[in-house]
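Summarising the annotation, TrEMBL assigns region 'Disordered' to 1-53, 70-101. Annotation source TrEMBL lists repeat 'PPR' at 219-253, 254-289, 290-324, 325-359, 360-394, 395-429, 465-499, 500-534, 640-674, 675-709, 710-744, 745-779 (among others).
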Amino acid sequence: MEGALFPNRPTLPTPTTKPIIPPPSQTNPPLKFNSKTLPLPTNTPPPPSLPLDSLLQQLLHISPKTSYPSLSISTSSHKQQNTHISKPKSIPPPSPSYPSVGHKHNDYSSIEFLTSKGKSLLVSVVNQPMSNLNTYFNSIHSELVEFDHVSLIKGLDLSGNWEKALVLFQWFLSKNSNETNKLDQQAIEAMVRILGRESQHSIASKLFDEISIEDYSLDIRAYTTILHSYSQSGLYEKAISLFRVIKSKGLKPTLVTYNVMLDVYGKMGRSWNKILELVGEITSNGLKFDEFTCSTVLSACAREGLLEEASKFFNVLKSKGYVPGTVTYNALLHVYGKAGVYSEALSIMEEMERNNCTPDSVTYNELVAAYVRAGFYDEGAAVIETMSSKGTMPNAVTYTTVINAYGKAGKEDKALSLFDEMKKSGCVPNVCTYNAILGMLGKKLMSEEMVVILSEMKSNGCIPNRVTWNTMLALCGNKGMQKYVNRVFSEMKNCGFEPDRDTFNTLISAYGRCGSGIDASKMYEEMIKAGFTPCVTTYNALLNALSRRGDWKAAESVIIDMKTKGFKPNETSYSLMLQCYAKAGYVEGIRMIEDEIYSGRIFPSWMLLRTLVLANAKCRILAGMERAFEELKRNGYKHDLVLFNSMLSIYAKNRMYDRAHDLMHLIRENGLQPDLVTFNSLMDMYARGGECWRAEEILKGLQKSGGKPDLVSYNTVIKGFCRQGLMQEAVRTMSVMTTVGIRPCIVTYNTFVAGYASKGLFEEVTDVISYMIQHDCRPNELTYKIVIDGYCKASKYKEAMDFVSKIRDLDPSFDDKSVQRFAMRVRENVEL
């Protein structure tokens with residue numbers, strides 16, 4: 001049938017209900033609720049947890065400590081790792097005045113410009129230990145002041161001692177702080193170029209905060225490098241302020257300067273109009289766009305999901321005669337890849353082919369990203385083979401993208417298998433790969449495997465970076481683990497990793513998941529104090545914390561604040577809002593976002609439509625769930641097992657056998673294997689429909705196939721038998737459950753209480769309650785309500801009052817107020 005939710009196929013026969021009386025072969029001697037006939041497992045294994053203490057020690061063991069403790073500014077020599085697909089560098093190239101050398105320690109072949117005295121001074125500085133430098137400089141104060149310190153700084157750098165050049169510069173800075181003489185302009189320019197070349201952006205940002213850089217007339221290249229350092233350190237407002245100063249001085253920005261500022265506005269977000277303004281300035285100043293200009297503008301679109309703006313910008317460029325190169329096409333691919341619109345990504349690759357623009361590894365990496373963001377994980381992995389067949393070797397980014405996707409989808413086996421394949425192929429994992437693996441293993445509490453990965457990092461000389469520590473912080477984001485968040489953060493700083501904006505975002509999210517809203521708010525304030533501008537990710541971290549509580553009113557205020565400050569909520573923002581509404585059961589909220597998606601005001605990405613299916617399923621909105629599922633199909637997105645299981649659960653609760661059978665067919669048609677959640681839903685459907693024997697058949701089939709039923713599986717079958725009054729079969733099922741080592745819970749016992757009470761077997765009800773207390777499962781208020789309602793339904797009001805009066809004898813821990821409420825409940829039933 002056209003337009004049907006599921007593909008047309010022969011309808012499976014609806015199962016017939018089995019007789020409620022078991023066949024003679026299944027009849028067993030009566031089982032009683034006592035410890036002799038129903039012994040419980042003595043030792044229940046504790047739930048798995050991460051041994052964070054040992055993992056933290058392991059991480060500290062392979063993390064270097066701060067290299068140069070004598071510096072007032074952290075000089076960690078580890079360059080910032082870019083976790084995203086690489087793009088052209090915006091760092092201005094070294095000036096021809098300062099030739100690049102091999103930077104071998106004590107290589108003086110390139111310092112002939114120094115005088116004999118200068119060379120002698122240089123050698124003495126080089127031979128001093130780092131910890132003693134400031135003392136040494138103080139001892140030769142008069143000699144240093146008279147000497148050409150610019151030449152000495154250059155000489156230290158060219159001899160491979162840029163760190164000592166930095167200490168010398170800081171020493172001169174401290175000596176000039178209380179004097180009228182300013183630092184030599186050339187010294188500042190030299191230091192700017194050194195730190196820029198070494199990618200020491202954090203150091204540069206802090207260093208030039210100590211100098212009133214606006215008071216100097218540096219050249220445009222030096223200012224551009226400082227702007228880049230601010231950009232890389234996330235200090236966007238400072239970059240914008242300095243850019244205004246540069247223009248006020250009459251300096252003419254170069255294309256590189258504009259490219260850096262485009263990157264600043266792109267990273268800062270909510271700046272599309274500013275970006276267009278800069279693009280106009282570039283044109284009016286007679287400068288021509290290069291590939292970095294175009295790719296930076298398109299990357300800004302990708303960050304904020306501006307698909308239409310990206311398409312318009314790209315088409316206008318081509319209409320003006322611009323011929324896109326591989327880098328520009330890759331940036332456009334990133335726009336659609338980030339949104340998971342893989343069909344558009346494939347079209348861009350076809351256009352590249354028509355224009356004889358050869359795809360590179362970044363091109364294929366973006367295609368992989370597009371596939372996995374649309375849920376096509378295996379298709380993304382298949383691109384790896386395509387790359388190899390076309391002569392482009394997959395790199396660490398390619399493998400890491402798919403490994404990360406598999407990990408997030410709960411496909412740990414496939415992720416680890418691909419990781420092994422990566423290493424066998426000769427592709428060396430980088431720190432980003434290890435971070436993805438550690439994050440995945442941490443979520444599954446696979447601590448032994450995490451230790452192996454940390455050891456492997458050490459043996460391969462792969463040094464943990466800030467993202468590794470951020471990953472460890474994220475793993476602490478569980479209730480009651482605030483102390484671990486604090487400890488990991490402290491140790492991270494001890495290792496020389498100053499928090500960046502991503503760290504603060506991770507902290508906000510971790511504290512939120514721990515249930516500590518106060519600490520999350522405090523981290524937000526600390527982030528502002530540190531000079532970092534909140535971004536969409538920051539707001540999403542706050543939304544994540546609120547969605548877990550279902551606090552949709554507070555979440556809506558966050559969205560309003562975002563929009564007020566010029567930020568555009570992205571697919572993650574709306575997805576978290578849907579989760580928040582679903583958690584609170586606020587259907588109107590779900591419908592509001594639903595309307596915006598279907599009207600085209602919000603782009604219907606794979607993430608959003610998938611979340612819409614899950615949100616509707618959680619609130620049991622059948623029509624909304626099926627419409628979102630149909631939209632997923634219409635857009636060509638992939639379905640996963642979590643989505644299918646959520647839908648199956650709704651069909652089970654509504655006893656929609658045909659839909660459930662069709663969905664099972666579709667699961668296998670999509671190459672997926674049903675898991676325990678799938679089978680539990682099927683058991684629930686049959687148990688609700690009175691087909692308890694069919695539910696038990698699934699349970700037994702699961703065991704025979706090597707599956708491991710859980711407490712939910714057994715409780716479902718027990719509930720099915722109890723509803724049919726087959727109490728002996730329910731007790732037999734519980735006996736099997738305890739034999740395999742699964743202890744009953746309060747739900748199990750309350751199910752038995754309800755079953756016996758409905759049959760008027762109140763002596764057995766008392767046995768169950770005594771058994772519960774004996775085995776450390778205290779009856780709750782619902783337990784006693786079930787019993788009292790059972791007496792009242794049987795019109796045994798006196799017996800009900802007798803039972804209420806004996807509750808304190810059965811369970812001395814029960815309070816008097818609850819007992820009084822139960823007595824009132826009986827009286828109300830008598831009056832009825």
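The backbone N, Cα and C atoms fix where each Cβ goes, glycine too.
A TrEMBL annotation is a machine prediction, not a hand-curated record.
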> Cβ under 8 Å to the repeat 'PPR' (675-709), counting only same-chain residues 6 or more beyond its ends: which ones?
Replying inline: 15, 17-18, 20, 22, 641, 644-645, 648-649, 651-653, 655, 657, 660, 664, 667, 716-717, 719-721, 723-724, 726, 729, 733, 740
> Which one, 290-324, 360-394, 465-499, 500-534, 745-779, has the most C-beta pairs under 8 Å toward the repeat 'PPR' (219-253)?
Replying inline: 500-534
>> Do any residues, 6 or more residues outside the repeat 'PPR' (360-394), come within under 8 Å Cβ-to-Cβ of it, and if so which ones?
In response: 85-87, 326-327, 329-330, 333-334, 336-342, 345-346, 349, 352, 401-402, 405-406, 409, 411, 414, 418, 425, 427, 605-607, 610, 636-640, 671
> Taking the repeat 'PPR' (465-499) alone, what is its mean pLDDT?
Replying inline: 75
> With DSSP helix as H/G/I and strand as E/B, how many residues of the repeat 'PPR' (745-779) fall in helix, strand and coil?
Replying inline: 26 helix, 0 strand, 9 coil
